Each structure stands twice: as structure tokens, then as C-alpha cells.
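Pulled from TrEMBL:
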type: DOMAIN; residues: 39-502; note: domain 'Major facilitator superfamily (MFS) profile'
type: TRANSMEM; residues: 41-62; note: transmembrane segment
type: TRANSMEM; residues: 82-100; note: transmembrane segment
type: TRANSMEM; residues: 107-125; note: transmembrane segment
type: TRANSMEM; residues: 131-152; note: transmembrane segment
type: TRANSMEM; residues: 164-188; note: transmembrane segment
type: TRANSMEM; residues: 208-225; note: transmembrane segment
type: TRANSMEM; residues: 297-319; note: transmembrane segment
type: TRANSMEM; residues: 361-380; note: transmembrane segment
type: TRANSMEM; residues: 392-410; note: transmembrane segment
type: TRANSMEM; residues: 416-437; note: transmembrane segment
type: TRANSMEM; residues: 449-472; note: transmembrane segment
type: TRANSMEM; residues: 478-497; note: transmembrane segment
């Protein structure tokens, strides 16, 4: 086998260089290459992200369908819908610490298993209080599978493939949002009631079980996967990291692991010190992030994710309800907010009995729109290598922001549905924001940095859910101006992010070719 390293100035023999010298991890990953092994577990990790979307976004269909059984008032729905994000915010910090100090794989698998169990148990709860408690316990475990897979995926791939892979995985995450209305369309129209005494088992309970079971499936698949080689190197576990790289190489090339040319890895310099306590280690992981030079980047990424999640999870939680009201209004020549106000007055005057039905057109439009968004996201993500992370972020923020503003002007129901249903595309910006973390922060801080940034983003989900709930009936037009303007402002802030290191070093990085 003749393997060559192409550089700007010369071509050197790879085997002599690699076998006789210590190699840093990025070079070792380049030698292992990209193939079925990486892709297989990147797909497995993307399932965690899909599950972390399906569980909280599923509230947009669960709560309207459960409002009669659990006696949920409209005023309480915004708060209950934000419960998953409250749990995530409370635990992003400790989960980030555990991911960086105890291992990526172990923490993701354990947390996802617990989230699945608590979520399924919530579906059997007889009243709103017990239902909310178990959903809150589920939410305490979601922060890990909702954030850690981003850094994990980046640490399994050669550097030149990370941006495009993270963006494609991020686009696949939108598939999770697409599965929410599809499953709801399949389950909620079913007409069955099983009386267990304390509660009646109806379709919405089965739907809740299906949403939560995605965590259990993801945890089972990943339990067979590898640990992050970067984490192992950062912990001084050289031999384990080398064995993982051999498996990646063998799985990608279908050659025996013994053929992997890298024999030694460069380990980070570690001084002999007493192992710090939990609190001391937590402080060591966090303090560098809230001091220069990382403070400004933490604040910027946190704000970008805040604005993103306020719309993606906050405003989007009300999308089925808003669509249901507008599309069943039967009015012509009125804007969406005019119809919402009209329907609200009719509901108050009618004083009708509790109705938890969702129209078929709402399911259909949500399903079609979300799958369309998923395909659009995949197409756009495949171009990130050419247009760049920053350009993609700017495009997403500004486009969806303008769509939100235009909702107040359109009077055609179909055009309104298209504009409102484009909200899932906002999720395209999550991958690029987190990809910057892979460049800005060192390995030992990366998991904590992404976890904290995502925590700030989830605060945006809490704020967005409650603000949208309070404003949509009283000041409807201001709601869409607020969310649309916020996204456009975030687009302007994204210009402050540093230039991608990949572009700066494109000419000097090494490429490995196997013949």
C-alpha cells in the first residue's frame, strides 16, 4: 500500500512519517478516513437529536388533545408547554460537566434511557399534576441528548468533513419535527377509550408513548457504538483511543485493524496533580468560559441560540393551534390575526363544551410542510461547504424573520400556511452555531460550552412559548413582528462570528490518499 500526503510544498511518504512519529488526533482521524463506520454512528447520534425534538415539540399536539382529560386551560397551556425547556435549562450545566468528565457515550445513553422511561410513564398519569411531574423528570434528562451529539459527531470525523456533516445531521433533526404531526395524524383520529379506573386511555396517551420511545431506541443503538477518541485522548487514555481509531479505520476501509498505520498519538500535557472534587472540577470547566477570551463568544452564541429557539420551539409550539383556528375559520380577505380575533370572540360567546379535536387539514399541512422543510434543509445543508457556516446562518435568520413579518400582511390562507409552516427551517442555524464551538473552544471545554449555549437557547424556548401564548390572542400582529424582528437582528449579529478556521487553513492541511 502506497499512501501519500499532499501538502503545498512537497509530497512525503506517509508510512515513515506516521509509524515512526507521534501523530496528533486530527491527523489520525484523517488516516482513518470517512466511511460507513463514521456515517453509521453519526446517524445513530442524529437519532438522539430527533428524539430530543419529538418529545418537547410533541406538546403542540399532545396538549390540545389532552386538554379535556387533564382539564388544561388555555392560560395554563403556555406554562405547561415550557416545562420540558425548564427542565433542560436546569440541567444543561451539570450534563455538560458530566459529558466532559465522564464520557460522551455513557452519559448520552444513560440520560436518553431515563428520558424515555419517564416520558412513557407520564402517558399513564391520571391528572395534570402527575402528568406534569413525570414530563418534568423526563425533561431533566433531555439536555444531554439534545446537545452532546453535536460535539460527539464532530469528534468522530476528519476535520474537513465536520461542517457539512453537522449541517446535514442538523437538517435530519428537522425530520424529528416532521414526525410529530405525522404520528399525530396516524394516532389522534383513532376513536378508542379504555377505562382503567383512575384514568381513561385515549389516543393522545398512545401518542405520548410513541414520542418518548424514540429515546429508548436511540439509547439501545448507541450502546453498541464507540466512545469519542477525542474524549479518550483528553483523559490520557491513549490505548483506548488508538483502539477506537483502529475500529474506525477497519470499518471504513474493510481492512484489518492491524493495518492502521498510526501507532502512537500525541497526548495533551498533563501535570501530576491531585484529582479535583466535583465542585472544583465544575468550576475549572466553567470559569474559562465566562472570562476572556471565550466570554464574548459565549455571549454571542448564547444570544443567537436564544433568538433561534424562541421561534423554533416557542412560537412553533402554537403552530397547530393557530393553523387550526385560521384554516377552520372560513373567512375570505382577512389576515390570520383578523381570523384569530374573530374566532376568539365566537368561542367566548358560544361557551361551548370542551372540544379536543384537531382537523385533518391541520395534520396534513403540518406533515407536508415539515417534510418539505426537511428536504429543503438537506439540500441547503449539502451546500454549506461552498457557502460557509456564516452565510448559511445569515440566510436562515433573515429569511424566516421576513416570513414572520409577512404573516401580518397576507390574506390567502394557503400562503399564510406556507409562511407559518416554514418555522422548522430555523433549526438549520443550530448546526453552524455549534460548529463554531468546535473551532473556538478546546476539547476539554467543548461539551460544557455547547451545553451552556444550548441552555441559553432553551431559555429562549421558555420565553418564546409563554410570550407567544400571552400575545397571540391579545396583540396578534405584534407577536409576529416581535419574533420576525428578533430573527433578523440575530442574523445581523451572526456577522460578528470569527472567520472559519477551515477556510484559513485550506491550503496547509494534509490530505491522505490510499492507493
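Glycine is treated like the rest: Cβ placed from N, Cα and C.
Listed as Cβ neighbours of the transmembrane segment (449-472) (distance under 8 Å, sequence separation of 6 or more from its ends, same chain) are residues 56, 74, 77-79, 81-82, 85-86, 88-89, 92-93, 95-97, 99, 143, 146-148, 150-151, 286, 289, 294, 298, 301-303, 305-315, 317-318, 322, 340, 433-434, 437, 440-441, 478-479, 482-483. By the Cβ criterion (distance under 8 Å, sequence gap of 6 or more), the transmembrane segment (208-225) is not counted as touching the transmembrane segment (392-410), fewer than 3 such pairs being found.
Only residues 6 or more beyond the boundaries of the transmembrane segment (41-62), in the same chain, are considered here, and those with a CB under 8 A from a CB of the stretch are 80-81, 84-85, 108, 112, 115-116, 119, 138-139, 142, 145-146, 148-150, 152-153, 156-157, 165, 169-170, 172-177, 179-181, 184, 188, 204, 207-208, 211-212, 214-215, 217-218, 221-222, 225-226, 313, 316-321, 358, 427, 461. Per-residue confidence over the domain 'Major facilitator superfamily (MFS) profile' (39-502) averages 84 (mean pLDDT, predicted model).
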